[in-house]
Each structure stands twice: as C-alpha cells, then as structure tokens.
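Below you'll find the structure, written out as structure tokens, and then a few comments.
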Amino acid sequence: MVGWRAAVLCLWISCVSVAGQLEYSVSEETERGVVVGSVAQDLRLSAASLSLRNFRFLSSHGETYFGVDLASGSLVVREPADRERLCGAKAVCVLIYELVLEDPLELHKVHVHVLDINDNSPHFPAGDVQFHIPEFLMPGARLTLPNAEDADEGSNGLLSYSLSPSRHFRLDMGSRVEGSEFPELVLEKALDREQRATHRLVLTARDGGLPARSGEVQVTIVVVDTNDNAPVFERSVYRTKVPETAPSGTVLFRVQASDPDEGSNGEIRYSLSNNTQAKLRHYFHVHPRNGEVRVAASLGPPETLLEAYIEARDEGAFSLASTAKLLVEVTDVNDHAPDVNLLTLYSPVSEDAATGTVIALLSVRDEDLGPNGKVTCSMYSGGPFKLKASFGNYYSLLTDGPLDREQVSEYQVLITASDGG
C-alpha cells in the first residue's frame with residue numbers, strides 16, 4: 001500500500017510542466033480595469049482554453065491587486081496598488097503570482113513590477129526647528145538642519161534643498177562618512193539681538209519628479225543676548241539751579257539711562273561716579289534704581305557751581321557703565337535785611353549853614369548777592385535836607401535849603417534802606 005502511494009506521487013511530479021516566468025510592469029495607483037498585459041497571448045493559448053484547462057491565478061498576498069480576465073485572457077488591475085505601502089523603501093517592488101493550468105498540468109510564475117510614481121511629497125518628520133544661538137557667534141558657524149523624507153524612489157525621491165532669502169544665513173550641504181548629505185545652516189553675517197531678536201526662515205525640500213513636489217519646515221533662530229551694550233544717558237549734561245536754603249531731600253534731577261540688552265545685562269543701577277571730587281560727594285544722594293538725585297547736605301554759599309558725575313552701570317556678569325555730568329548752580333536767597341551804619345553825624349547844625357553842608361555820612365550793606373544784595377536808600381524828613389549817594393555803598397545827608405532855628409529847632413530824618421529782592 002505504501003509503495004502504491006509513492007508511485008502515484010512520482011507520476012504527479014512527472015506530469016507537471018514548469019515554464020519560465022512572465023514579467024509585467026505597471027505604475028502604482030493604476031485604476032481598476034486597466035489592462036497590464038495579455039497572459040493568454042504570452043502563453044500562446046487562446047482565451048477560451050483558459051477556462052477549459054481550469055485556469056487558476058494564485059496570490060501569496062492578502063489582497064489581490066491583479067487578476068486575469070478569462071474572457072480576454074488579459075492581466076488587469078483589480079485594486080490600485082500603493083507601492084510605498086507594499087514595498088516601503090525597497091528599490092524594486094515586485095508582486096509574485098502563480099498561474100496554474102491543468103490537462104496537462106502547467107505552473108507559471110508571474111512577476112508584476114509595481115513602478116513608482118511621484119505621489120508623495122517630501123516631509124520633515126521632526127517638524128519645525130528652533131535654535132538658540134548667542135549674538136557673539138562668529139560668521140562661519142554651522143547648524144545642522146533636519147533631513148526631509150520622501151517615500152518615492154529614484155528621481156521621485158531624490159531631494160534638493162533651498163532656503164528662504166536671508167542677510168545673515170545661507171544653506172550648505174554637509175556629507176556623512178557613508179556619502180549621504182544633509183542640509184546645514186551657515187552664519188554669514190554677525191547677529192545683533194538689539195537689531196533683531198528672532199530670525200524666521202523656511203527650509204524647502206524638493207524632489208526630482210515631473211512635476212516636482214515639495215515640503216517645507218520653519219526654522220526659527222532666537223538670538224540670545226550678550227552684554228555688548230553699555231547704558232546710555234538721555235543727556236550727557238544735566239544742569240539745574242537750586243536755592244542755597246534747599247533742605248535735604250530736595251530733588252535736583254531724575255537722570256535716565258537706557259540699555260538695549262536683555263535681562264540683567266540691561267538692568268541699570270545709578271551711583272555717584274568716582275570722578276566726583278571727594279569733598280563734593282556728601283552733597284548728593286542718588287537713588288540706585290530710579291536715578292533721582294537729591295540734596296543730602298547744605299550746598300554751601302550762593303554763586304557756587306557744583307560739578308559731579310553720575311554713573312549708570314548694568315548688572316551683567318561683565319558689567320558696562322557710562323557717566324553723565326551734573327552741574328548744580330547754588331543761587332542766592334534774599335535772607336538778609338540791609339544793614340545801615342551811621343559813620344558820622346554833625347549835630348547840632350548852625351542855622352546859617354550853607355546849602356550843601358554835610359550833616360551825616362552813612363554806609364549800607366547787604367550780605368545777599370545780586371539783586372538781593374543791591375541796596376537803595378530813601379529819606380523822609382519834612383525839612384530842607386537831601387540824601388546823596390557818594391560812592392559804593394556810602395550816602396551823605398546834606399542841607400538842601402536855609403535853616404531857621406526860631407521856626408523849627410529840630411528835625412527827625414528817616415532813612416530807609418531796601419534791597420532788590
């Protein structure tokens with residue numbers, strides 16, 4: 001019994017005719033019903049004989065993308081094939097089928113080459129890119145950009161890159177050891193955060209298909225601040241006048257400086273500069289944050305010009321500073337009354353004294369300055385007298401007419417001194 005089975009098996013194998021394989025090519029995504037080739041003609045059979053010989057078209061895949069139309073004997077598309085889904089990144093995508101005929105038994109291999117079309121655009125799997133780079137970075141520095149991917153093959157998947165126009169950056173291609181290339185961002189011109197803190201570029205990947213497809217990714221460069229700017233005062237010289245009696249706490253100035261740097265590099269503290277003479281430093285108090293300069297002690301005599309220097313310094317690790325000049329003119333206050341000093345008095349006076357006879361000599365003075373210390377004298381007497389300015393601050397009291405003791409034996413003369421305050 002065992003021998004009989006072996007004999008039958010040998011007979012079955014001997015009857016099978018294995019012919020060469022049939023090769024067909026079709027572009028991916030070809031629509032249903034499109035004829036790929038004529039199987040019957042390539043086998044030198046009529047279409048009718050396929051049914052008579054119990055023709056079978058066998059697939060090793062889960063889905064049947066291609067089939068044979070028994071009426072025409074043609075290989076036709078049953079379902080559109082997506083080459084990338086079927087074969088991924090393989091250079092050659094082949095679907096293998098078996099074609100079986102009976103009476104006599106024949107077995108044929110059918111290879112259907114699924115050809116790539118440019119149906120995929122390049123894309124950047126990593127998404128948008130952001131770099132944080134310091135503004136002191138020197139031209140020539142390179143930043144590696146991400147590669148794009150394209151599921152297509154051949155020229156359809158061959159990528160080239162371009163960069164949106166930029167005054168500061170250009171695109172270059174770097175190469176790996178195995179020969180593949182990758183895009184690089186090259187710094188062409190030094191950056192200045194104070195002029196432009198953020199640069200936004202677009203990296204474009206384009207494949208070699210006809211027509212070409214492209215994909216984009218945004219590249220953002222955030223320029224990180226360095227302490228490359230010193231504070232700058234809004235004025236180089238601050239000038240004011242202040243009365244000599246100004247009390248402590250009187251605000252003289254509010255200086256203002258600016259620094260375009262960021263964070264602590266742009267935060268400013270104010271103080272009296274070392275350029276200020278030591279003997280003048282006690283006159284002023286400077287608020288370190290708001291820049292208010294106040295009187296800290298009596299400013300001394302009027303008509304004094306106090307010269308001090310104030311410093312604005314940032315709080316960067318390597319701080320930078322600048323100075324401005326303060327000019328404070330101490331002005332006089334009319335805080336002194338004129339002083340009248342009677343130097344000489346000739347009394348009594350003879351009634352026959354000639355007109356113009358000097359009766360008294362007096363001086364006036366005022367410790368104030370300017371108009372506050374300019375003294376004028378006036379007189380009231382009711383008699384024949386006049387007041388005459390001599391020189392400087394001296395005045396003479398003179399007779400200005402005849403005297404008659406029998407009519408008036410005594411006169412009260414009132415002399416008033418007034419300053420110009």
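The count begins at 1 with the first shown residue.
Glycine is treated like the rest: Cβ placed from N, Cα and C.
Keep in mind that what you see is a predicted model, and the values were worked out from it rather than measured.
Residues annotated as domain 'Cadherin' in TrEMBL: 18-124, 125-233, 234-340, 349-421. According to TrEMBL, the feature signal peptide maps to 1-20.
When the domain 'Cadherin' (349-421) is classified with DSSP, helix, strand and coil residues number 4 helix, 31 strand, 38 coil.
Restricting the average to the domain 'Cadherin' (125-233) gives a pLDDT of 91. Counting residues of the domain 'Cadherin' (125-233) by DSSP class, helix then strand then coil, yields 4 helix, 52 strand, 53 coil.
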